[in-house]
Amino acid sequence: MRHIGPTLAIAILLPLTTVLPPIPAIIMMAAIYYGAMYGGSTTAIVVNIPGEASSVPTAMDGYQLARQGRGGPALGVAAIASFVAGTLSLVGLTFFAPLLANVALAFGPPEYFALMFMALSLVISLSGRALLKGLIATALGLLVAMIGLDPLTGEARLTFGTVSLMAGVNFISVIIGLFAIGEVLVNVERAVASIYENKIRDWLPTKEDLKQSWGAMLRSSVIGFFLGLLPGCSPAVTTFIAYDAEKKVSKRPHLFGHGAIEGVAAAEGANNATCSGGFVPLFSFGIPSGPALAVLLGGFMMYGLQPGPMLFKENPDLVWAVIASMYLGNVILLVLNLPLVGLWARIALIPFPILGPMIILFSIIGAYSVRFLMFDVWVALIFGVLGYLMRKLGFPLAPMVLATVLAQMLETSLKQSLVLSNGSPLIFFTRPIAAVFMLLAVVMIAWGLWLQFSGRGAELAADDSD
């Protein structure tokens, strides 16, 4: 179900697992986690509704392919990329878990700030020649994320005395508004009869689609897995990084944002590789890499199990049973998803006068279901209008979304780093890992400026405002 997500699903089912032995209970919770991430691409591709922030890059190309009548191949490539990335990352989990977890422990606040800063610079560079608009969209996303309480001091910011704003603006409502509701408003203005601009041409990926996507699947699997080792580095971050990296090496970067099949493969590959990569620090050190795995950690503790260095020695049956179930789960998900590609693609054949109101209705329900607040519904509607205006004015949506998602971790790691260094920003350049990320961020910004002033941005822009 859209907008519930793996975190809430695991939390809801956690009490129900008490009637099960530990091994099947943990397997079930793990299956909910990677299964939810596996299937999150469907609504993003078919009707441009990313249920999670990690599905935004998938929607950027997947929905454009659907409008061109190629929703089936996009869904098929998403399923195959998820399977390939999930399997490859499980191989890494199987053979290198304790070793790779040590790498994750080398990351402190300066390294996290540098990584988040690099991610923002990467996604801004996706704006091509619209660099200034990308910067404005990023600043707007950071401003939205600042609403609420300061994560360290608890001081209220930009709440204007409104109690509803004290908890901040829920980013799921922001995503629903910018993408789903904003897209409906654009289609209403165009008076379209169907969201498909062309007749459906293929139900499954062609050999050419797979040929163009294989490299993206492999590269994004590596990126997603290694970044997934880092606590707090969620799929929302890694999908954007993998998407941008794939655009950099692509022979046809001008198609990104307009229907590049390899863009779908990169986003979905990184998404699912990150999920498996997150089990490395969880099993080896008891460190969850995101909210869903934090709830899963609670499931371990409920059974008296303590993930950490001794887990492999004291409970090898549990660890290897979970890993084996993930191999099997990947195969089952692929077998279930591919035959349903045609069914999902046909949803968009519903006439838009019927489909449009349905999208608005489900978007409102989805926004409300996150925290059961009408305030979140109004947020989604307001950002729907904002998304419509941003499309009309040519502002990219991706930088704003990523800035909203990363802002809290970016701010927290910045403040912690400055405390460690007694206020000196040199800490980001004197620690080797942080310095590498900062250097890459500077290179990305310089690359974006070069595109801006050289005129090449027109052919490389990935304008998601269309």
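The backbone N, Cα and C atoms fix where each Cβ goes, and this holds for glycine too.
Record features (TrEMBL):
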type: DOMAIN; residues: 4-402; note: domain 'DUF112'
type: TRANSMEM; residues: 12-34; note: transmembrane segment
type: TRANSMEM; residues: 74-97; note: transmembrane segment
type: TRANSMEM; residues: 103-123; note: transmembrane segment
type: TRANSMEM; residues: 130-149; note: transmembrane segment
type: TRANSMEM; residues: 161-181; note: transmembrane segment
type: TRANSMEM; residues: 222-243; note: transmembrane segment
type: TRANSMEM; residues: 282-305; note: transmembrane segment
type: TRANSMEM; residues: 317-337; note: transmembrane segment
type: TRANSMEM; residues: 343-365; note: transmembrane segment
type: TRANSMEM; residues: 372-390; note: transmembrane segment
type: TRANSMEM; residues: 426-450; note: transmembrane segment
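Averaged across the domain 'DUF112' (4-402), pLDDT for the predicted model comes to 81.
Beyond the transmembrane segment (222-243), the same-chain residues lying 6 or more positions past its ends with a Cβ under 8 Å from any Cβ of the stretch are 37, 52-58, 60, 85, 88-89, 92, 100-101, 103-104, 107, 112, 115-116, 118-119, 122-123, 126, 256, 263, 266-267, 269-278, 280-281, 287-290, 398, 402, 405-406, 409. With a cut-off of 8 Å between Cβ atoms, the residues of this chain six or more beyond the transmembrane segment (103-123) that come close are 134, 138, 226-227, 229-233, 237, 240-241, 244-245, 280-281, 285, 287, 398-399, 402-403, 406, 409-410, 412-414, 416-417, 420-421, 427-428, 431, 433-438, 440-442, 444-445, 448.
When Cβ distances are compared across the two stretches, the transmembrane segment (343-365) makes no contact with the transmembrane segment (426-450), since fewer than 3 pairs at least 6 residues apart fall below 8 angstroms. Contact count against the transmembrane segment (317-337) (Cβ pairs under 8 Å) is highest for 74-97, out of 74-97, 161-181, 372-390. Among the listed stretches 74-97, 161-181, 426-450, the one sharing the most Cβ pairs under 8 Å with the transmembrane segment (372-390) is 161-181.
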